[in-house]
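Here is the structure we will look at, set down as structure tokens.
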Protein chains: 4
Amino acid sequence: MPTGLPFGPDDDKLHEECGVFGVFGHQDSAALTALGLHALQHRGQEAAGIVSFDGKAFHHERHFGVVGDNFTERAVIERLPGDRAIGHVRYSTRGGPMESNIQPLFAGFSGGGFAVAHNGNITNALSLQNELQRRGSIFQSTSDTEVILHLIATSRSGRLVDRIIDALSELEGAWSLVCLSSKKMIGCRDPLGVRPLVLGDLDGSAVLASETCALDIIGARFVRDVEPGEMVIVTPEGIESLRPFDRRRSRFCIFEYVYFSRPDSVVNGRGVYEVRKRIGAELAREAMAPADLVVPVPDSGTPAAIGFAEAAGLPFDLGIIRNHYVGRTFIEPSDAIRHMGVKLKHNANRDILAGKRVVLVDDSIVRGTTSSKIVQMVRDAGATEVHMRIASPPTSHSCFYGVDTPEQSKLIASRLTVAEMEDFIKVDSLRFLTIDGLYRAVGEAHRDSGAPQFCDACFTGDYPTRLVDLENGRSVASEDAGADPVTLLTGAA
Amino acid sequence: MPTGLPFGPDDDKLHEECGVFGVFGHQDSAALTALGLHALQHRGQEAAGIVSFDGKAFHHERHFGVVGDNFTERAVIERLPGDRAIGHVRYSTRGGPMESNIQPLFAGFSGGGFAVAHNGNITNALSLQNELQRRGSIFQSTSDTEVILHLIATSRSGRLVDRIIDALSELEGAWSLVCLSSKKMIGCRDPLGVRPLVLGDLDGSAVLASETCALDIIGARFVRDVEPGEMVIVTPEGIESLRPFDRRRSRFCIFEYVYFSRPDSVVNGRGVYEVRKRIGAELAREAMAPADLVVPVPDSGTPAAIGFAEAAGLPFDLGIIRNHYVGRTFIEPSDAIRHMGVKLKHNANRDILAGKRVVLVDDSIVRGTTSSKIVQMVRDAGATEVHMRIASPPTSHSCFYGVDTPEQSKLIASRLTVAEMEDFIKVDSLRFLTIDGLYRAVGEAHRDSGAPQFCDACFTGDYPTRLVDLENGRSVASEDAGADPVTLLTGAA
Amino acid sequence: MPTGLPFGPDDDKLHEECGVFGVFGHQDSAALTALGLHALQHRGQEAAGIVSFDGKAFHHERHFGVVGDNFTERAVIERLPGDRAIGHVRYSTRGGPMESNIQPLFAGFSGGGFAVAHNGNITNALSLQNELQRRGSIFQSTSDTEVILHLIATSRSGRLVDRIIDALSELEGAWSLVCLSSKKMIGCRDPLGVRPLVLGDLDGSAVLASETCALDIIGARFVRDVEPGEMVIVTPEGIESLRPFDRRRSRFCIFEYVYFSRPDSVVNGRGVYEVRKRIGAELAREAMAPADLVVPVPDSGTPAAIGFAEAAGLPFDLGIIRNHYVGRTFIEPSDAIRHMGVKLKHNANRDILAGKRVVLVDDSIVRGTTSSKIVQMVRDAGATEVHMRIASPPTSHSCFYGVDTPEQSKLIASRLTVAEMEDFIKVDSLRFLTIDGLYRAVGEAHRDSGAPQFCDACFTGDYPTRLVDLENGRSVASEDAGADPVTLLTGAA
Amino acid sequence: MPTGLPFGPDDDKLHEECGVFGVFGHQDSAALTALGLHALQHRGQEAAGIVSFDGKAFHHERHFGVVGDNFTERAVIERLPGDRAIGHVRYSTRGGPMESNIQPLFAGFSGGGFAVAHNGNITNALSLQNELQRRGSIFQSTSDTEVILHLIATSRSGRLVDRIIDALSELEGAWSLVCLSSKKMIGCRDPLGVRPLVLGDLDGSAVLASETCALDIIGARFVRDVEPGEMVIVTPEGIESLRPFDRRRSRFCIFEYVYFSRPDSVVNGRGVYEVRKRIGAELAREAMAPADLVVPVPDSGTPAAIGFAEAAGLPFDLGIIRNHYVGRTFIEPSDAIRHMGVKLKHNANRDILAGKRVVLVDDSIVRGTTSSKIVQMVRDAGATEVHMRIASPPTSHSCFYGVDTPEQSKLIASRLTVAEMEDFIKVDSLRFLTIDGLYRAVGEAHRDSGAPQFCDACFTGDYPTRLVDLENGRSVASEDAGADPVTLLTGAA
């Protein structure tokens, strides 16, 4: 069963749903993949899986829980022999967790075995699934990724690479994939490059990973981003690059900078920590507050708070301390205890806050419930004024590209104005970074509203692809969306 | 992980690979199915699974290990709501156990969900799988049963029942199936009726089971055997019977009487215990021995030994005691301990055996290794003569119809004459029942060699169906047989 | 957590609470002890433990569940190094199971470490515990065995053997012990020899065990019984025998022959299977019935049924089949299912029973609830008459010597006459063996009522020792009896 | 089994061995204790335990692993009923972990049950244990805390409180205790007050905890420190304070400020975060460096780094990012991977460090191995100069008061001069805070060398108590120290 997270602030965040990794041509491929996935653990904590190939057979391990609990024993790694392996970490709260959804997914085609690890979301998955089922394909998971396998299996083309291209051409949405066949490791990104994927090198072995921090952990050298619409094919002979799709202006997910990526990663060419500090500086310029002290909501608000404090010339202090020990959700045996919930993860540093006017910096606000608890905690600790500054624009729209977002109606910014949110959260002032401020922080002059340089749909509602399943009246964001009532299977092993 | 069996005598038996069960229209369907599978546990101990349907969704639980360890807690049964459920127990030693092989298998078709539990083996599964893969089907297990799902999924017919008939018409081999769709429970047997399947009634709810002992445990009334080639369709409106296949003379597995079925079951119209006693009596008539005492190799040799003793007018005694406590295979840290292996399950009853001439009755001899250990143990306990009598003819051929048999070359009777076996096992005399004696015990005058009344291929090599995959050079008996080297997937969850 | 047994007949038996084993001077001591305990598993299935000594340190493993599930892996055995080891299997239903009660118990004395495995029960344990606590001893378990450790620890004598003798001299009740110090293995029995203990030899290594079946499994030679009141001291130099206690006429537990011991064991000089057959023969002589068939309630009634059938000249048949697969207790989701309970373990063999007058042979009747369910099952299968014959006298008194007995008021024979029981169980006739018949079966001319040759208190109420705690108003049979309300500790690890 | 920590920096820290907590008179006592222990998790991650009392019986749960994994389910909390409970978290690496060492320890005295949770270490535990064993006490754990239970059990005094005072009067060393009897909760600190203990109030219920952060998590109000040598007795009638021991000048552990306590706690009257910032400021004054940037080794170096940066007027940046996901120790299948170890927890933030002169601030250096790996990582990321500043004096002596310290010879500062360490760690400069600087940071003018205001033995070797066991030639710091070779027991359950 999955290890839950304690109730608390992080449950009020958007969550990246996946991280992917692969290494080709290294004797320790499975151990390296476990390390790479450990470095990508912030992208998904529900489950992890690894598939390796040893020249004769594919080997598969998949487990609920974090990498550090399930892929560290020698016996597990020894069940994954071979000089090539790919892996996946997954986050999901909706729908019952099913083991058959843990990636990499695997299929035995007539031409051989094939495994795929997917970061992103296919926005026409249900439409494709319905068509495939009508033609006789059997679905074993409720994952949109399985559509890709069936499209490859039913392609009329001959060579595997052509079959993959056929399949990907059918997809709408976001997909950064790492695939493993008996002969090749393949990395590819959708034409808009919504989700990240980087190529690295470890002493001559090719590495693919969602972020550079997964290269760092194994000492691999960063080579370059896999480009939007590019397909990188790794074989013992070397690396080949194809560009089978029409070129389009890239629309990288700007929220990777705001929250998803690790601060020590370089994504899409920019250092995440630096971008976050610049976001804080922009925020100070746009929305200064009369205060004695800048305090981050740790850990996600910390780099922006440092940037804000520097730009504002205010002291930076850890006025809130985070307890990093986690575990399953604590029970709440009585109302008395239910009301203490927020302190499981965060505690106010009374000595620092008492009698102070505080600028509180957080990366984003989703439902708003956690923010109001944090503000209350800071006030209880004696702060005289609390000015909340958010390192992104209001999150007003759901994401359909591989991020776990609540329904739009649950997003506080879709229902309330900033002034109303200020009341709800009970702060002395609340300000969000502007969308242009965010674009400046990532290095653009401003947002090009005719052809935005990034995917910023969660702030603007400007979705860069068709949302086919949604248009067809089905919620593609739901894990179980593909399931006709009578075909739904739940289960545990 | 699977619970192994201790090393010892039973590892030197043929093993039925499956038992199936289903109940339709009872509020306790999953709990009843767990009980039914518990009664069928002797047909497969590696893993068990249940699928239920509650009018909206299918629910699935599958676990390695015995029913009594995995399907007894309230929480498990509550995860299987609904008034209809089917289940399966499975035995397998070959190939790594894979969770995706635990039945019932489930598929979401375009028309709805569908689960199948299969007892038997499809002898053209690989040929069909290759063809299906070429047309784009993806296989997720290494079970021959999955072929059935894909054939249904890709059938061009409209109604589910027609699609199932299309699928089954493609199959060679043995199959007793219990299936569950959102509207129906379906039971069917192959045209030869190789494996058993019975229909029962529990206060108006239809029940399907491999043996009548699974009806008894829940107090259900035995109605009749599902007939060879029959398809029984259970709906809330009642039970319909179809006979979509050509009629052929039935060839029920005669080994069900020798060893597989429980002695308290009535299979194919005959009480198993009575048949076994008659086998013992035939054996006494055919192969009397000068002895003081008849001793069974428990538990499988016991009914025949009682029959032998009665017919021979000799005392019957429990000269060998069986320890029924089991668990995982015991380690063997040194050669000294390795040589004690056999006593884990069986111990000689010294007081009874010392100074006696003993007739030792066992049901069959597979590899012969256990028999020689048992004989040695009986001699060590002081028996002056040991005359071994086997309640079946020599097992000289592999089974391809859902029984776990060693390769033919491992069957001692395929390599040695009875006289040579006598030497190998080191008995004073060794005799097997004749094939006609066996037919007499089950109620026939003799074996009709032109059109045998039963499947007795393990004794005669006379296989009642084509062995398509075997003819194509592939061992259909192997669990992994379908696996091209590059598509083989092993794994654990 | 402990693995329960299914509800069913065996829950209506008396249960031996323990089996003990030890081996000294063999490189595979822990593995041999695991095998020995496996052979003694019928004496206790709740938990098992082993302590070994490797010349430097003692090592300890204890686990809930059967030996075959917990002591079979190489890693477990490797955590128990050394050439000497002792072990214990335990049965208990009363009080919450506590890990600290799993034996062998261990204590670090000033003179070194000491482990003890105990079969029996100390009838003045609470009185001793109260006195020891008053003097400052701290109790960590609710086991009466812990008293022995504290008495040794607080003895004023110098040498360990003298301290043990001091301690044992304080005890009332029954105790067969196997102990391990850093220098010695010690076996001893109380002066009455209530519980069994045998000495064996494995290629020069001394072995101690509750029954000979535990010698057989490892191929050890039976040497002799440890005698009542004897203390056997095993060192590398050899075996020394002490008789530190006053000689008294032995009072071996006669119920070991009726039910507790394994039929292939020789206890107190008599083969158990043979005694049981003679019991059946006595029963036939004393209480013949007009019948077609003798049917045992398996497995415990089987040898007596064979003896009955032989003596009566009636056919013996397996009219009831036992399912040996067990597991945790099955849930009972509804009343409908609750009423099927009994068939989890036993099923009637309809073909054999229909239309027959049946003699049903069981070893004993405790509460009577199971007997009535079995009789009903036999009638439902078509038996025209059911004559129940019990291979022991009515069990009318509780045991205080290491047997799990219900309170006396729950024993059906303490409340009802045989005629009333006949009504309750709904049999055509019910007869018990007489006490003299039982004595004859074990080889005595009759019971010497002035100085009985055996402990038969469960049948006669004639307890061979003082029941000190009971006289003091405390139920010594209760596991938690030592616990003052405010000292009771429950817990789980 | 215990959940290990990944190899990495934290394995090169001193570790507080325990945290204690108790609450009296609250219906949710066990749930509150679980929360309190979660807040104290940094004081011990190996195991946790809770004992509650419900007016009739004590209840006990103890588990290896963190609180969040073992004490969050309703079923666990429901097994701990009652309005009073105490708990303990434990850290230990030496000796095999034994369940019997998990606190609170419990004993049934003649007067009733008694549980104790201990933070600290008894420096004459072995001498006391030897004496107690000679008098007949049996030890069941290898914990020094068990001595306290036996001293209470064997006290000649009558009332429990007097017996406790008798017992504590025998002890040398450090002990902050939380105890639970059937009538009282008792908190006490040794006369020197080496380890912390605070008293809080939750709506009228008394709370005891190692640190104030455990009050904050449940919303309890901080009342005051339990004073050195004080005994606080909580009953339903209220709180009584005794001072049974001679008054001595307190010697609170100064390392609690350096590393052990959580930054949001107030210990011994001073806010930990503020002290750490002042330490950083003192360090900047004492040991400024020519640099562009101040970077903490997270998380323990962060507050001092903020203080350093402020005092030095240099920018503060997160040049090293910590991965907070942990799990069991990762395997290291090859040398190649072994050399990557350090990045499991820490990664350099390349963008920030490249081309910069860096001041690296850490709280202390123990073995020095991690520091050299971190420095190398910072240099690999492009830093041109690395100046290491340590927020405490050189750690040159072992602690015997409840801290897990390596043997003195493993402490780099006991073997090398600062100049030699500079070479070993390969930094451009290395400076430690002076002992007077540390005293200034905690608010003293300077260290009073005649009568030091704190225990600073790890820096100065000036131990405030006798080290009786050490003087007797036994290593009291060792968990197994009490164990004579022949009494040592290892085991697992």
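Glycine residues also receive a Cβ, built from the backbone N, Cα and C atoms like all the rest.
Here TrEMBL flags B:18-237 as domain 'Glutamine amidotransferase type-2'.
Annotation comment: TrEMBL describes B:CYS18 as active site, nucleophile. Around the Cβ of B:CYS18 (active site, nucleophile), a 10 Å sphere holds 26 further Cβ atoms from the protein chains shown.
Around B:CYS458 ([4Fe-4S] cluster binding site), taking its Cβ as the centre, 30 other Cβ atoms fall within 10 Å, counting all chains. Positions annotated as [4Fe-4S] cluster binding site by TrEMBL: B:CYS253, B:CYS399, B:CYS455, B:CYS458.
In sequence order, B:LYS13, B:TYR259, B:ASP362, B:ASP363 constitute the residues six or more apart from B:SER300 (Mg(2+) binding site) in its chain with CB-CB distances below 8 Å. The annotation Mg(2+) binding site is assigned in TrEMBL to B:SER300, B:ASP362, B:ASP363.
Across the structure, B:CYS399 ([4Fe-4S] cluster binding site) and B:CYS18 (active site, nucleophile) place their CA atoms 14 angstrom apart. Within the same chain, residues at least six positions away from B:CYS455 ([4Fe-4S] cluster binding site) with a Cβ under 8 Å of its Cβ are B:LEU192, B:VAL194, B:ARG251, B:PHE252, B:CYS253, B:ILE254, B:TYR401, B:TYR463, B:PRO464. Looking only at other Cβ atoms within 10 Å, the busiest spot among the binding-site residues B:CYS253, B:CYS399 turns out to be B:CYS253.
Take the binding-site residues B:ASP362, B:ASP363: by the count of other Cβ atoms within 10 Å of each Cβ, the lowest one is B:ASP362. Taken residue by residue with DSSP, B:ASP362 (Mg(2+) binding site) is part of a strand.
Looking at the domain 'Glutamine amidotransferase type-2' (B:18-237) alone, the prediction's average pLDDT is 93. Rounded to the nearest whole angstrom, the C-alpha distance between B:CYS18 (active site, nucleophile) and B:CYS458 ([4Fe-4S] cluster binding site) is 18.
B:CYS455 ([4Fe-4S] cluster binding site) falls within a strand when secondary structure is assigned with DSSP. Mapped onto three states, the DSSP output places B:CYS399 ([4Fe-4S] cluster binding site) in coil. In the three-state DSSP scheme, B:SER300 (Mg(2+) binding site) falls into the coil class.
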